Amino acid sequence: MKTSILILAAGLGTRMKSQKPKVLQELCQKSMILHILKKAFALSDDVSVVLSHQKERVEKEILEYFPKTQILEQDLQNYPGTAGALRGFEPKNERVLILCGDMPLVEQTSLEALLSNNAKLNLAVFKARDPKSYGRVVIKNDSVEKIVEFKDANTQEKEINTCNAGVYVIDSRLLKELLPLIDNNNAAKEYYLTDIVKLAKEKDVMIKAVFVDEDEFMGINDKFELSIAENFMQEKIKKYWMQQGVIFHLPQSTFIGADVEFVGECEVYENVRIEGKSKIINSIIKSSSVIENSIVENSDVGPLAHLRPNCELKNTHIGNFVECKNAKLNTVKAGHLSYLGDCEIDSGTNIGCGTITCNYDGVKKYKTIIGKNVFVGSDTQFIAPVKIEDEVIIAAGSTVSVNVEKGALFINRAGHKMIKDYYYKKFQK
């Protein structure tokens, strides 16, 4: 049975206390709404998102990554609440999966399990450790009797720990029939989607409660809950990669972005941060190193190294306190204390301590190209744009501002001056 998916993302998110819309808050470097959309499009090609607060800003991010998403706008002034969000929604398929935009931890497999039940109305529920302000679910004889919003619950109902996860699967025709019957006769004067359970019950529709994991279906409302969710996601990310063969030393101290990829046998030491769409292939990343949107293949990086965006390393050693940016290094050794930015360095080249590619003149960035089997002495500055051909020796302390031909020795140092007995003349009278 084909499914249409609707994601509710129109809320103000006031508890987040941020100028950024709640669904654009990030977990592991990806906004909440993008986490949800990735799973939604894996299940259906008919995905809609309901927006209101800062609609244009959220819509821009959604369509950049998922251009096939249908965008709807909720009239919060006249139709507030979760049921109000569904006005104007026209599903293309036989049933609808309704998700919340602030639930980025939900796994695709859990949604597939929810969809595997053929009841006309399925409701995701969980046993809460602390029910807090969740809506309470009353179940009798394996069927949901009703959902009571916390604000409207009596003392007895507040004792119930079976809570509404806010995720529904409903027959499209049933949704179309019941939605106009929902009113706002409640304490908040909102149109609650939870009332659809009561209306379905009145029509003798079987309502199936599907129990799910509380942590996975956690809604995120403030920065504290955001941090809890990110920790949870980090654990899942690292567990997955460890199961694929990656070694993590003290994994609780590392950060791995949601889009990072490991291939082959990799090893990651403590306090490492790997971000963006970085790809690590058969490599070792040593302690306290940072890698941003870079590819590292058959190489070792660190400790205390920094690969800024667009680096490509192959068969290369990057040592401590080396920073690279937009650098392509193939079979290169850069052991310590160097900055290699906007450069291409070829195989067999050794970069001495304190080497700098001076790539910026205050207006533009320029490239340094270094060929094969070049030996670069310590404390060398390359004033880009500059090209060093193969099999060159650059003497320590040189400032290189001209191209160097193949096989040459390049020396450029300030003249030396030594004054005999100067110390005694200055300090001993």
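From the backbone N, Cα and C atoms, a Cβ is placed for every residue, glycine too.
When the candidates S347, S378 are compared with the acetyl-CoA site entry in Swiss-Prot, which names N359, Y360, A396, R413, the shared residue is S378. Counted within 10 Å of its Cβ, the other Cβ atoms near R413 (acetyl-CoA binding site) come to 11, all protein chains included.
Looking only at the binding-site residues L8, D102, K325, Y360, S378, the one with its C-alpha closest to H336 (active site, proton acceptor) is S378. Within the chain, the region 'Linker' (224-244) has long-range Cβ neighbours (under 8 A, six or more residues past its boundaries) at 16, 25, 27-28, 104-105, 215, 218, 251, 254-256, 258, 260, 262.
There are 12 other CB atoms within 10 A of the CB of Y360 (acetyl-CoA binding site), with all protein chains counted. Summarised as a single figure, the pLDDT of the region 'N-acetyltransferase' (245-429) averages 97. Comparing the recorded positions K22, K325, H336 by how many other C-beta atoms lie within 10 angstroms of each C-beta, the top residue is K22.
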